[in-house]
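*Asks:* Can you keep this structure in mind? I'll have questions shortly.
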Amino acid sequence: MESGLAGSISGDGLARIKQEKPEWLLQTVASQATEKDKENIFQQQSGLPPCQTMGRPRALGSQEETGGTRWAPLPEQDAPLAARVPGTAPGPLSPSLSAGGGHFVCVDCGKRFSWWSSLKIHQRTHTGEKPYLCGKCGKSFSQKPNLVRHQRHHTGERPFCCPECTRRFSQKQHLLKHQKTHSRPATHTCPECERCFRHQVGLRIHQRAHARNRLGARVNLHEMFRYAAARRWSCRLRPGSPRGHPEWVWLGLCRSWWGQHGVRTTAHSRLGPSEQRQFICNDCGKSFTWWSSLNIHQRIHTGERPYACPECGRCFSQKPNLTRHLRNHTGERPHPCSHCGRSFRQKQHLLKHLRTHLPGAQAARCTSCGQSCPSRAALRAHQRVHTAAELLRSQSAVRDGVPGSESQAEIAQSVVVKPQGPQGAKEVLCGQECETLAVPSEQRQFICNECGKSFSWWSALTIHQRIHTGERPYACPDCGRCFSQKPNLTRHRRNHTGERPYLCTACGRGFRQKQHLLKHQRVHRGTQAPHPGPEEEL
């Protein structure tokens, strides 16, 4: 049998071995060589250390495609080493081999990977496997780095710091995105006021403000304020300049035009991040730094609610609102108190509860049971429970004939009010009757056993108890949403029917709810007094 090695003896008596051409040697030992041997031959031929060829694709195809493990050299450096029949010229590789790719192929989508671990992680997208579980909220992830980034939301860790402004971020990509605001020059200049912008879209939005300025210069400035106030109510903003911003920023106007007309801005009119907001809502004039924030805000005007609850069908405009709502169905309480171990569904409820553990919370502690309350108002509401319990015990003692309980029963009877008619109420104090115009909350005769709140009517107590029981007997026939009170269902159905029964007598605009009409009528009070309806005159 021919051998790929030829031997010779030198003059010093030592045997020397001569190695033949690598391609012929490879053809000879291809059937017996292992993958490691072939890799060593390639590295010796190319003159590269093992670290430079490690991880590069050397095998293409899978056992399902070729009927076995297929081995092929690299198209750039290892083409001369491909096994071929002696005497034939080396031809080009097939397209499947020269296209490159990884050693490991996904059987579901055909994507190739150079490492087995990469293929294993990729296959979790097809199987849905998420082996990394968060110990705080129970959310699972397919990769460990995603879990590490998620846990920073619970711990509040922000390891990435901006060297320019020392602002910190929980993810590196957020830091890189933020650093562009420092490095990117403001090359887009407004020809009218010479204000500079980093993005072309910011300049276009700013130029729209100039167009509005030219139109607004021909109208009264007070009319502009009233129009902006009317749009502001639909945006759920409070009266006045929002968050202390200057009026020209709030209205989306140009600062130079605002200064030329001698209009005085607010006291806090320093240049700051609020004045660099580029995305302005066309409906109410509110400005935002990010396009995503403006997109979410515009759902207030359009009424879009793309996030639906799979349990009850209720829709929300933002995903965090849906997440908090789902905890009502699952019972999840991801926010525990570090002092007493009590858990809450929302973080704001936890912060409110933590006030009871502060040193000053001793002043709002119940003297009967020792329970701490977040405020004195909550303490008074809590003490009504003890008062109601004492009244019920005294009344039951009178019915059972317990001696010495008549005095307590007389006290209990003195604080019970019995309505006598629509003109007023009669109360019994010190054995005398007198008419009262208002019944104090402590003298209402129907008391809730859960929270101690009192009511003058049994129907009001029945409606109130649905808060504790969760009963919602009034269902919408269109979307299935349920309500605890019928008036709430009536107002909700106007969203489906489009009915607007409350009309403005000044401009004829219709509203679904009366409170929206009353807010709107404040716009007309500067020019003409609104005509009160029959319900407002009462």
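Every residue gets a Cβ built from N, Cα and C, even glycine.
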*Asks:* If I go by Swiss-Prot, the feature zinc finger sits on one of 4-26, 188-210, 211-233, 395-417. Which?
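*Replies:* Swiss-Prot lists zinc finger for residues 188-210.
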*Asks:* Of 54-76, 238-260, 307-329, which range does Swiss-Prot call zinc finger?
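*Replies:* When 54-76, 238-260, 307-329 are checked in Swiss-Prot, zinc finger belongs to 307-329.
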*Asks:* If I count Cβ-Cβ pairs under 8 A between the zinc finger (335-357) and each of 104-126, 188-210, 307-329, 364-386, 474-496, which range comes out on top?
*Replies:* 364-386
